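Record features (TrEMBL):
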type     : residues  : note
DOMAIN   : A:40-105  : domain 'HMA'
TRANSMEM : A:128-147 : transmembrane segment
TRANSMEM : A:159-181 : transmembrane segment
TRANSMEM : A:193-211 : transmembrane segment
TRANSMEM : A:217-235 : transmembrane segment
TRANSMEM : A:372-391 : transmembrane segment
TRANSMEM : A:397-425 : transmembrane segment
TRANSMEM : A:693-717 : transmembrane segment
Amino acid sequence: MADLSVSPTVERGGFAACPACAVTPAAEELAARAAQLEGASLSLSLPGIHCAACIDTVERALVAAPGVREARVNLTLKRAQVKADPEVTAEDLVRVVEGVGYEAHELDPGTIAATATDRAGRALLMRLAVAGFASMNVMLLSVSVWSGAEDATRDLFHWISAAITLPAIAFCAQPFFANAAAALRVRRLNMDVPIALAITLALVTSLWETSLSGEHAYFDAALTLTFFLLAGRYLDHRTRSAARSAAEELAALEVPRAIALRDGAEVQLPIAELRIGDLVLVRPGGRMPVDGEIAEGTSELDRSLLTGETRPVPARPGQAVSAGEVNLTGPLTLRATAIGRDTSLARMADLVAIAESGRSRYTSLADRAARLYAPGVHILSALSFLGWYLWSGDLRVALNIAAAVLIITCPCALGLAVPAVTTAASGRLFRKGMLVKHETALERLSEVDTVVFDKTGTLTSGKPRVVNLDVLAPEARGIALALAAGSSHPLSQALAAALAEETPAPLTDLREVPGYGTEAFLAGQRVRLGRAEWLGASSGQETATWLQTPAGLTEIRFADSLRPGAQEAVSQLLAQGKKVALISGDTEGAVAALAARLGITDWQAGALPGEKAARVAALQDGGAKVLMVGDGLNDTAALTTAHVSISPASALDAARVASDIVLLGGELSPIPGALETASRATRRIRENFRIATFYNVIAVPLAVAGLCSPLIAALAMSTSSITVSLNALRLR
Amino acid sequence: MDILVWLIPISLFLGGLGLVAFIWTVRSDQYEDPDGSSQRILSDQWDDHPKP
């Protein structure tokens, strides 16, 4: 148990790159909003919990907090559900949990409520249980019939079976009947039409046979069929609902609130309530909630999520800003010019909906199989009915045979073939920190031969790193550290982190000049750290800041630090024989340096969002299957155009919505593994189809020839379903 | 064969009992957190006395 008890501290250190950290600035806002929230049920996201000790620590801490009535941690969803007195706020609870060493964020109860109880999943589980119960009992009776029960005993057993089967089917098979009816109403065939037909026909012929004291009844087949098919549906639902709730959790982390200035007072408002012309205050570190014009304040802006540029852009009154940009140094007051759906952010996100999506052009393996299959079985069973009716003239025999053909060919194994594999594969990827959002994403991922990366925020972490620390003289280091520590600008923070071991120089009168830098006095002489223009130096191509000391001017250059696992991911992809390309909106120097460092020969700098998408489209027109990995708004069109797409959890909402797979951890290294898992999964799906076909090839001629007894039907159906499931489990 | 008069109702009753038990587990949220349930067994928080 030793390792369990130390885990809290390990977690605290090890989760710097988690999805939630990227939105930590939002946590305060979130908590403030919770203060207004009335009601006693709160939910927290706990990205760092993973063991029994974590559950205990968090639950104990929460229950001990004043006003908390009940706290329950859900490890599967990594959430805590708290019931508390109305005056308790999520802010207090977040502090309590952080006090015992875990990261915590408040979740929007509105978004979460939808996923709290999974009604559809429960209904499926209930139907599955009833089908299982009924089929076991009917099977018991059928086994006695097969092993020789005759005359009155056989009839009794058949009647009891019918009494169990009819209500059970009426309850359990509803989803298939409903789907089949919906498909028929629009005059189309889907997998559920032959299923519903097979179940109905089996019941009708079996009842008919039973009432005439006949030998063969297919009650057990109808029920086992329903059971296996429901198992497939349930697996499918579970995989998808897990992905959906996790995706919604990410969405709930982004806070739709802004600080508006109304009659000179600061008011916290939901973004939806802002109006054009409102004055909006954006504090340093905050994201622009609206499009607007700067009315007051100077600062610098980080536009990397929108354009891919890593260099901060100066901001002055009169300048236009777009929603989504991050304010870096000084407080800014904006006059809103566009809000909500009209902001350039939302308009860019809408472009995604217009771009033709890779997934809409893709037909899944299951659909392709169903297209061949559904008409095939109907024709086959109709032909055997006609053939037997013409040959024997006996309607009862002909109907019996047609039912047997439908039951034998019924897609139990086909229905399980895909969900069993996707469940196993998605589970495997989830454990590695990847969330598969789209049901055909795995199949498309397995076809990928070209991988296109975005630079800023994807291959790099978006955090600058000092590259030429050695140019600083020992005395300059202390000055630089003291100046850098006085600002929350990302470059200053990176510099302060790099110089953390030095002793800060004894500076006086330190002040930050928003938009320019920091200045102070050392023994009466002025020292400054900031923009080149401010210090009278000429700015170059690279991201840099300048230090002015009594000794003179020094340029301190920065490079974006690599995201963990980027190097491994790229080299493994190249080793797998994939083509790797880098397309970025950043300047040529920065992109070329990164490409050289990672060994990528195919790169493009200064690409506009439309150019990125066009490049991806051109690659695909050339026959390539492209995997796009990107995080910015400028990537969304490319993400949608690509055959399949991945985005990190730190990406903007729009990018995450556009992508098929979300990387939950901060690392890129799971990508090559995911490609491998995907191609193995697709291979298993194909194998499963072959297994199912193999059983049909043996059993169908028997059924058409009228030699198929209910025993053979039951055997063929169960063995094929079980083989298919076991084959899928090999993937775990 | 008279034994069937007993055995069949008994087998149906026992199966039904299993079904009722399963429905109870679904209704009382016992499949909401499978990972948590597998970990909670390792916790010694309620070893001395049951959760109040």
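Every residue gets a Cβ built from N, Cα and C, even glycine.
What you are looking at is a predicted structure, and each value in this text was computed from that prediction instead of being measured.
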For the transmembrane segment (A:128-147), distant same-chain residues with Cβ under 8 A (at least six beyond the ends): 153-154, 157-158, 160-161, 164-165, 168, 171-172, 217, 219-220, 223-224, 226-227, 230-231, 234, 709-711, 714
Average pLDDT across the domain 'HMA' (A:40-105), rounded to a whole number: 82
Ranked first among A:159-181, A:217-235, A:693-717 for CB pairs under 8 angstroms with the transmembrane segment (A:372-391): A:693-717
Residue counts (helix, strand, coil, in that order) that DSSP gives for the domain 'HMA' (A:40-105): 23 helix, 19 strand, 24 coil
